[in-house]
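K.L.:
When I checked Swiss-Prot for this same protein, it listed these features:
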| type | residues | note |
| --- | --- | --- |
| ACT_SITE | Glu88 | active site, proton acceptor |
| BINDING | Ala9, Ser10, Met11, Asn12, Ala13, Gly14, Lys15, Ser16, Asp87, Glu88, Ala89, Gln90 | ATP binding site |
| BINDING | Cys145, Cys147, Cys182, His185 | Zn(2+) binding site |
Amino acid sequence: MAKLYFYYASMNAGKSTNLLQADFNYRERGMQTLLFTAGIDTRYKQGVIKSRIGLEAPAIAFFEESSLWDIIQEQHVKNPLHCILIDEAQFLNKNQVFELARVCDDLNIPVLCYGLRTDFQAELFEGSKYLLAIADKLAEIKSVCFCGAKATMNLRVDENKKPIRHGQQTEIGGNERYIALCRRHFIEKLNSL
């Protein structure tokens, strides 16, 4: 039986790089994959998964109203798929996570999801919440805090690198807006305000 995987990490841990490597491994063996990324992420061109080290691949952009089941099933009928890979999985909604589980269960296609576990306020994203709840396999991708400890938190900062405590859960950004920290330094930075 195919499995639903959730690979989670803080910012700058190499989630997209890992996804692109997994995609390459499948394709190198002549297997068909289908890649998705969040349409809300506009750091690069829409419908492109790009890693900080320069690797990239085309992907289907998903939105709040997207039916991943319909898209995957339609593609699978045309050309049998061997793996589905989802970048920015924290932006999935509950229904989409359950659609991905159905892809595993009914179509027997493994689904590999990569995303953040928590936001800048240490709150779960909707997609992450349901992936943590129903994924068959959970794996943490390690990142490093400036102190050398494991980074598990995402600190949002302003243009002067000052910590931000409040705001919308979703604000797209990279190294200019977020710093991956260990829990200790995350709390220290927030308490320094």
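Just so it is clear, glycine is given a Cβ too, placed from its N, Cα and C backbone atoms.
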K.L.:
Other than Cys145, Cys147, Cys182, His185, which residues of the chain come within 8 Å of the Zn(2+) site, judged by Cβ distance to the Cβ centroid of those residues?
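P.N.:
Filtered neighbour residues, in order: Phe146, Gly148, Ala149, Ala151, Leu181, Arg183, Arg184, Phe186.
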K.L.:
Quick one: pull the CA-CA distance for Ala9 (ATP binding site) versus Cys145 (Zn(2+) binding site), whole Å only.
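P.N.:
Given the Cα positions, Ala9 (ATP binding site) is 12 Å from Cys145 (Zn(2+) binding site).
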K.L.:
Select the closest residue to Cys147 (Zn(2+) binding site) from the following binding-site residues, measuring between CA atoms: Met11, Lys15, Asp87.
P.N.:
Met11
K.L.:
With DSSP assignments reduced to helix, strand and coil, which class does Lys15 (ATP binding site) get?
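P.N.:
Its secondary structure by DSSP: helix.
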K.L.:
Between the binding-site residues Cys147, Cys182, where is the Cβ count within 10 Å the lowest?
P.N.:
Cys147
K.L.:
Name the secondary structure element type, per DSSP in three states, that contains Ala9 (ATP binding site).
P.N.:
strand
K.L.:
Can you tell me how spread out the ATP site is, meaning the largest CA to CA distance among Ala9, Ser10, Met11, Asn12, Ala13, Gly14, Lys15, Ser16, Asp87, Glu88, Ala89, Gln90, in Å?
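P.N.:
Those residues reach a largest Cα separation of 15 Å.
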K.L.:
Going by C-alpha positions, which of the binding-site residues (Lys15, Asp87, Ala89) is nearest Cys145 (Zn(2+) binding site)?
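P.N.:
Closest by Cα: Lys15.
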